[in-house]
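Undergrad: Got a structure for you, written out below as structure tokens; questions coming shortly.
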Amino acid sequence: MSAPHDPPRPEPRPDLRSLPLDRLERLVAALGERPFRARQLHRWLQQKGAASLDELTDVPRALRAALAEATTLTTLERATEQRSVDGTIKWTWRTHDGKLVESVYMPEPDRRTLCVSSQVGCAVGCTFCLTGTMGLARNLTPGEIVEQVHRANRRIVELGEGQGPRPLTNLVFMGMGEPLANYRSLKVALDLLLSEDGPNFSHRHVTVSTSGLVPMIRKLGEETPVKLAISLNATTDAQRDALMPINRRYPLAQLLEACRSFPIRNGRRITFEYVLLGGVNDSLEDAVRLARLVRGIPTKVNLIPYNANPGLPYRAPAPERVVEFQETLAARNLTAVVRKNRGGDISAACGQLAAEGGPGDPRRPAPPPLTRLPAAG
């Protein structure tokens, strides 16, 4: 007698906010509607950031009812909002399945930037990053990525800090997660965010940061026009192996070769992010090696003094060492900028995002003891 079979699971309903225009066109055709309805939906969802189907006031009620049956619509619930003394705002968003992710808004006189998350947690495991202590819960969908932008835009207007449907000017994919490890969702989200019928961000104002997934760096360069940032943080393989386990798979030589072949458009440069860890990677010898490593690559270096995280065994560099490091790079004709510490008082600075598994979360394991890094070669 054969064992009973479980009934087949129904296909999950597509998420409207994750659908590019061509998918919307196929959807409305399947529902018996004319093609112009797809562009109408696209504008509501991606340009105006509609939070519910009820907001689609010029879409027939019958079509809205059919969409409600055939699809879902990604929404993020704002779980917390924290404002720093410097004006930075950190939002924690709750997803439909109860996961928590964070976005950080950084206003400046000439721009309004949102730091966007791409995953719930992160599997890369950089030893100086609090997000890395969480592990990876799951990837975010394209809709969950772009919804961070829509929700931020709406909230900025509510707070009186911007006007129009899109007060944000810049996006940086430097939040929770490794964006290139969720490339499929990232690519769809980028297409939606750059769309003329959507938020219409300029590719010059969108930056994707990676810890060094070499094959996906090449893919990003081939398939999108956005800017690239590399989280480098070390000048030898021995150093980087200890700080960033991904280096054991894609060592510095491979990473830098991918950077050299990355298409540079309109005189733009690759940004190399370098977190300065006191007594670990902040020697002047490191600065000299860094200049040598990036030689021949159109480069901007962002120096990031380490932001202290309780439970992680690192310390910030001495202020005078930061200046000396920067001057050593400048003497070798490198543009090096010391990034301002934004939102440190609300744990919104670089390496501090951990909506789940943070220092106060009893589920978070104790960090391993720090061992001395191998001597730089």
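Glycine is treated like the rest: Cβ placed from N, Cα and C.
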Undergrad: Give the range, chosen from 90-113, 354-377, that Swiss-Prot lists as region 'Disordered'.
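TA: Residues 354-377 are the ones Swiss-Prot records as region 'Disordered'.
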Undergrad: Please identify which of Ser195, Ser202, Ser209 is recorded by Swiss-Prot as part of the S-adenosyl-L-methionine site containing Gly177, Glu178, Ser231, Leu232, Asn233, Asn307.
TA: Ser209
Undergrad: Within 10 Å of the Cβ of Glu102 (active site, proton acceptor), how many other Cβ atoms can be counted across all chains shown?
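TA: A 10 Å sphere around the Cβ of Glu102 (active site, proton acceptor) contains 25 other Cβ atoms.
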Undergrad: If I take the alpha carbons of Cys115 (disulfide bond) and Glu102 (active site, proton acceptor), what is the distance between them in whole Å?
TA: 9
Undergrad: When a 10 Å sphere is centred on the Cβ of Cys115 (disulfide bond), how many other Cβ atoms does it contain?
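TA: If we count other Cβ atoms within 10 Å of Cys115 (disulfide bond), we arrive at 27.
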